[in-house]
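Since the structure comes first, as structure tokens, the remarks are kept for the end.
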Amino acid sequence: MADKPLTVEVNENFVEKLEPTATETAQLGHLANQEDHETGKLASFRKYPWACLWCFYAVWCVLLVSFENQASGNVISIPEFRKDFGNPYTDADGNIAYVLDAKWQAAFQGAPVASAVVGALGCGQLADWLGRRPVVMLCLVVSFAAITMEFVATSNELFFGGKFLNGFAAGALASVTVTYIGEIAPLALRGMLTCLTALAYTFGPLVVALIVNSTGTYSNRWAYRAVFCAQYGFAAIAAIFVFFMPESPWWLISKDRPERALKALHGLGYSDLEGKKKLALITNTLEEVKRETEGVTYLECFRKSNLRRTIISVAPLSIQALSGIAFAASYSTYYMQLAGFSTAMSFKLQIVQQVISLVGNVMSWYLVDRVGRRNLTFYGLAVLTVILFVMAACAVPGTPTGSKAAVSMILVYCWWYNVTIGATAYTILCEVSTSRLRIKTIGLGLALQNALNTMWSFVLPYLFNPDKLNLGGKVGFIFGGLAVICLVYLWFYQPETAGRTYEELDEMFIKRVPARKFKTYRTDAQALGEAVKEKEGL
């Protein structure tokens with residue numbers, strides 16, 4: 001940017017015009033950009049309560065995804081489920097127990113994650129074609145059908161079909177809701193509200209754990225059917241409110257529908273004046289990024305500065321999958337039983353695991369802005385790496401004491417994971433993705449994460465199960481090693497994006513600002529916003 005002072009001529013009446021000129025729209029957008037910076041968290045809550053409430057609704061929809069994901073792993077720990085869908089075997093003490101075949105265990109875990117890859121990628125295309133709200137509606141319809149299949153299943157094949165179908169809905173719903181939150185959240189609250197997505201991924205499993213703790217020891221099919229029955233409740237509440245959900249103004253502006261976008265902004269709680277300012281800001285941002293982005297196809301995510309943004313956006317989600325959460329989330333209850341805890345106690349420990357995960361996420365709401373995205377992600381992963389190696393070392397002796405110590409490290413891992421990268425990954429995914437390609441970048445990120453989770457779903461049973469390699473907690477060595485590699489990437493390539501509007505982020509990526517300079521870089525958008533505000537005497 002040039003060193004000479006900026007001169008901005010502003011017509012004092014242009015805010016009230018129905019059709020301001022391009023220059024006036026740009027100035028109005030810069031003014032809105034500056035006001036976003038000056039509005040704090042509490043003021044944003046008071047100023048835009050409806051935008052916050054619709055973010056909470058989107059988080060509720062994510063609960064469906066987290067509930068479904070956790071149910072896949074938890075039902076394996078229910079003895080009655082293993083009895084109905086598995087085969088008998090004689091354990092070390094000579095007792096008859098039941099185990100689910102590794103192929104079906106892998107299928108139940110892996111197939112829905114694999115279909116979620118397709119759902120996430122397909123959602124990017126559908127949400128850009130139909131809009132955010134219609135895709136949410138479609139996902140809910142598919143989810144109701146899939147839940148019914150899971151609930152009535154008495155064979156491995158039908159249960160597999162329900163899980164596989166639900167995966168499509170879960171992948172698409174995860175993509176569109178995260179995108180929606182990123183597009184409607186006020187700047188000051190964007191970090192916290194995107195972290196709420198991670199809260200859904202802890203609250204859903206907590207509900208699953210509470211249900212399993214209550215019904216998991218039943219000696220009939222309700223031991224596991226109760227879990228799937230509860231999903232109807234989450235889906236029903238989401239279905240009731242979806243008809244009132246405002247469409248994303250970002251999508252409407254991208255489709256050249258400014259009148260409908262302004263109406264959507266009113267639905268999100270913006271006054272007429274504030275709505276016009278926000279409309280101008282969105283228009284400025286989308287016009288600026290058109291210089292780098294010719295279209296809105298997936299191919300565009302890998303062109304010019306978009307390639308760098310795509311990598312930075314999706315990497316933290318992939319790091320989640322590479323740093324052990326697949327094991328901690330899906331196999332912890334089963335491992336607790338193998339470590340010597342009773343079935344009932346393992347269910348109680350699962351509740352403890354989810355509660356401390358939830359507490360960790362709540363802590364991240366403050367830290368994500370206070371500490372910053374980069375520091376919380378990097379140093380958080382560094383501590384997680386240490387925890388993984390300690391867990392693995394505890395499991396090496398193979399003694400009951402060592403195994404139980406490894407279980408305690410899993411609990412510590414789940415807490416710290418949700419304080420750090422478990423929350424920041426979703427914030428970074430929303431913030432860094434190119435404005436015109438947000439839904440597709442988020443779809444790519446979730447698809448890649450699900451692809452990695454699919455791989456772990458098929459590999460972990462063979463690494464972990466007592467009738468296979470029987471590594472148990474020693475899988476921490478594998479995940480710890482992968483985490484070290486991820487740390488190297490984060491140190492060199494992860495920029496700090498806290499407190500930046502989408503217009504500023506677009507500008508910095510287009511100008512190829514180095515990652516280390518993001519925190520202190522002064523953008524043209526900031527300077528223009530301050531100049532317009534000073535000229536208007538606001």
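Backbone N, Cα and C define each Cβ position, glycine as well.
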Listed range which TrEMBL flags as transmembrane segment, given the options 332-350, 351-369: 351-369
Interface check, the transmembrane segment (48-67) with the transmembrane segment (232-253), three or more C-beta pairs under 8 A: yes
Does the transmembrane segment (135-152) reach the transmembrane segment (232-253) with at least 3 CB pairs under 8 A, where each pair is 6 or more residues apart? yes
